[in-house]
Every structure is written in C-alpha cells, then in structure tokens.
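In what follows, a single structure is set out as structure tokens and then discussed.
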Amino acid sequence: MKKAPDTKQEPAKTTKSRGSVPTKAPVKAPVKAPVKAPSNPRKRKNDENEKTPPPPVKKVRVVKQPATKPKSKVAINQRPSQHLDVYVFGEGSSSELGLGTAKTAIDVKRPRLNPLLSVNQVGIVHVACGGMHVAALTHDNKILTWGVNDQGALGRDTTWEGGLKDMDDNDSDDSDKSDSGLNPAESSPTAVPASSFPGDTQFVKLAAGDSHTLALTDDGHVYGWGTFRKNDGVLGFFPNTDVEIQHTPILYPDLKNIVDISSGANHAMAMDSKGAVFIWGSGEQNQLGYHIIERTGTKGVKTTLKPQPLRTRIKKYKAIYTGSDHSFAIDKDDHVWSWGVNSFGGTGIRKGAGDDNAVVYNPTMVETLDLDDDTITHMEGGQHHSIAITQKGKALIWGRIDGYQTGLDMATVPLTSTIQDSNGRPRIVIVPTAIPNVGKATYASAGTDHTILLNDLGHAYAWGLSATYQTGLGTTDDVQYPTRIDNTAIRGKMLNFSDCGGQYSILTSAAA
C-alpha cells in the first residue's frame, strides 16, 4: 500500500515544483544525471557554472548505447497484455481519479468507467496507485501518470499557467462540463515522455508511493522518479546529491535482474531473480528493517536512499509486499517475515503492538501466518492493518480496528486474538483472522484505512473508512463489514484487480 495523507488528518502542505525536460538513463553517474541533462532554465544556469557539461553528456551517450544496452537486454519479465477497463471512485480534488477538469471529477461516490482510459484509444494493461497519484502502463508501452505532482511523482512537467480559481464560481453550474479548477496537466492521464528512456525499453510493472514512482523493465532494470519524505520534510531521491526531487525518470544502476518491485509510503523494495531483496527510502520508522540513527544534517540519513540488501539471514525470497510504513517478504519455504511500524500490530508481530512508538526492528517471522495446510499467495498493508490471501481462497486480516479496518465482527473474535486497552476492550486484532461471507478470495488491496477484496466470481467487497467515498459504496459513513460494491458501471463485470490510494480506489476488469 501506499499511504496517502491520513483522511483523519490534514495532509502536509507543499509547494508545487515544476518538472524538467526528461533525461536519458545514466550509466556511470546516476547521481549527476539530473544536473547534466537538458533541463529548465533554472537548472541550466547551474550547469553553466560547472564549465564542463558538454564532455560528460557526450560520454554518457556514447558509452551507454553500444556497451550497456545490447549486453543487458535479455528479457526476464513478461509484459502484461490483457487490456483493461478502469473504474475510479473516491476523492478527486487533487486529480487522483484522472477524469480531467470536469466538475464531476471531484467526488465520485461509486465506480465510474474512466473515459480518458478507453480500451480503443489507450489500452491500459496495468495500474499502480500512490497516495495521491496514479501510474498506468499501456499496451504500447507508454507510462501514463496523473494526480499530485508537487514532488515529482508524475515524472513529467505539469506546468500550468491557468492558476487556481474559486470553486464557488461553479456552484450555479451543474453541467458535467463545468470547470473544476483542476490543473489539466495533472488531472488528465498523460504519458511520461518516451525520451526519458532508452529506445528499446519495455516496461512490465509499476509501483507508487506517497511521492515517488518506480518502473520495472522486461530485462530487470528499475527506473524511478519523485522523492522520499522523512518526518520533517523531504529526504531526497538519491544519496550524495543535492537533488531532493527527481522530476524525471532515472535508472537505479545497482539494481539488476529485478523481477518484482513494491512501494510503501516512503520506502521501496525490489527482488531479483535469485530471490535477494533490496530496500531503500526513508528509514526513520524502521521501514528498512534496520535501525537508522540520524546524524547532524542529512548525510547519515541519505545513505538509505541507495538500495541495500535486506538485513536478514534468509537469502532467498519469493515475494515482497509493503504497507505504508511496514513490509513483508515471503521466503522460499513459505514463511512470512515482517518489519516496520507496529503500533497497531500491522506487522502481525505481537511484541510491542499497542505501544505508540512500537516498531519491529529486524525482519521477524510471523508465526501466526505459518499455515499447516495452506500458503499465502498475496499480501497488502494499509497504514495500521494488513491482509493476506491464501491459495485456498481465505482472506486473513489483522491490525487496527477502531475505524473498522479489519471488517470483522469483534463479538466473534476471541479475546486471545486481540490486544485490549486499559478498560479491557479490544483495540487490535493481532492474530490473522479469516473474513467471513466474501466467497473465495483471490486478491485484495489496502488504502490508508480501508480495504477492497475480490473473489473468484469477480465481485468486489469494501469496508473501513469511507469519508471520501473511497469504498465505492456511495457513503461517507465508515463501513463496518465487507459490503459488495455494485452499480451499473461494474454490474456483470468480472473484476480482476484493485488498488487503493489514501482517499480513492481503482477497480479493473478485462476489456471486451
């Protein structure tokens, strides 16, 4: 999951940054690439001061194409090919829904087919939701992005001279075409320029966090853009550089033969073909699986921006998943390991759960997910809750319960499976517990405090926080139990995928 601003708390205000002209992937100096590349006037002035930009630029171009790409272009990942219909719902005031600038793009109570992502004109094959932005892959290898671009998450320039207007100006106009005041460059799905990547690059998967986006290629390389945030502001995107916000895609040179990627709110993971796991980003809440000590300034913290091997005795993993500030990895023997924030037991580890500052410092086996006659096939984490889908179709859930995050009837959950407050009332479900009455589960996604589950009939169920219609059930009241999402847009559709931001959600079905 990708944690967006908590719906119960105002998101931090940021100043919009403007993107630069896309940069070719660097070969030997990824840190300096954003500075040396063609860019906007502000960055060009910095280049002139260095007095040596022309030679390095020529050097990168000459070395990269003949030496690197032909040698590494061996496909190890398969591109998705199924064209998808994309349904959006929830909060759209920051362009998260990708519906353009119409007034009706703001609050969408129930699933709506996004006409700007039509199968005939666009052909989406994969979608990834960040906190307040979305990235989507098309059948012809374009990466479309939309949503908030304050910190470079869209990977392209979204400069707009139109400015903002008072939303009250439209109160008397009920037309679907009335202007919402949204930036059209952010609210309409638009491609990251192809010139940002080598010409033979083929993408297979995307991942999105609060302010960053990752793209995995068929030959196991990873590109990224945006930034990672720490507790008191922007951390940065690459170590040993003053570039805090990476506005255009850049290659992670040390990540090779990667077969999977996953993003939390402000950290990311990658797994290679041998089962090794790498992790990077902000580590102040122990998202990286080891204790970070911040020294004077930011130099000590920025070393966490370089992908590092996961510090664990297990050498081979088969799957990786993230919550907002916690993570999971499944080893080759089907054991689940977790680490990160644990104040509400989101890791599934009982120790410390319930304490305000609880974290699991090192990857720790979740013994309650060692299933005798079943295995975990998929996992997702919200801000303080998590869900796992098993091979036999069970949906197991645990974590915070005060906003109906688990969707469980607490009267049926044994006290031994919970952690209680000082008055003896359950506060946390710490033992993964099966969700009833949802059929055979096949997939699930978690937002900050809500969850969507799919079953083998192609039906979607939602529960949890619904203040901005993110459950797709047409209500702003919190939803206590799993409730089927149903309206004319998706009725009769075989839903096959879901993803959640903080205040919005997406469903997809195979296009006819």
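Heads up, residue numbers simply count up from 1 along the chain you see.
Yeah, the Cβs are placed from backbone N, Cα and C, and that goes for glycine too.
Feature annotations, reproduced from TrEMBL:
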COMPBIAS  1-13  compositional bias 'Basic and acidic residues'
COMPBIAS  21-38  compositional bias 'Low complexity'
DOMAIN    85-506  domain 'RCC1-like'
REGION    1-59  region 'Disordered'
REGION    159-197  region 'Disordered'
REPEAT    84-140  repeat 'RCC1'
REPEAT    141-219  repeat 'RCC1'
REPEAT    220-274  repeat 'RCC1'
REPEAT    275-333  repeat 'RCC1'
REPEAT    334-392  repeat 'RCC1'
REPEAT    458-511  repeat 'RCC1'
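Look at the repeat 'RCC1' (84-140): DSSP puts its residues at 6 helix, 28 strand, 23 coil. Mean pLDDT across the repeat 'RCC1' (334-392) comes to 97 in this model. Sorting the repeat 'RCC1' (458-511) by DSSP state (H, G, I as helix; E, B as strand; all else coil) yields 0 helix, 24 strand, 30 coil. Helix, strand and coil content of the repeat 'RCC1' (220-274), in residues and according to DSSP, is 0 helix, 30 strand, 25 coil.
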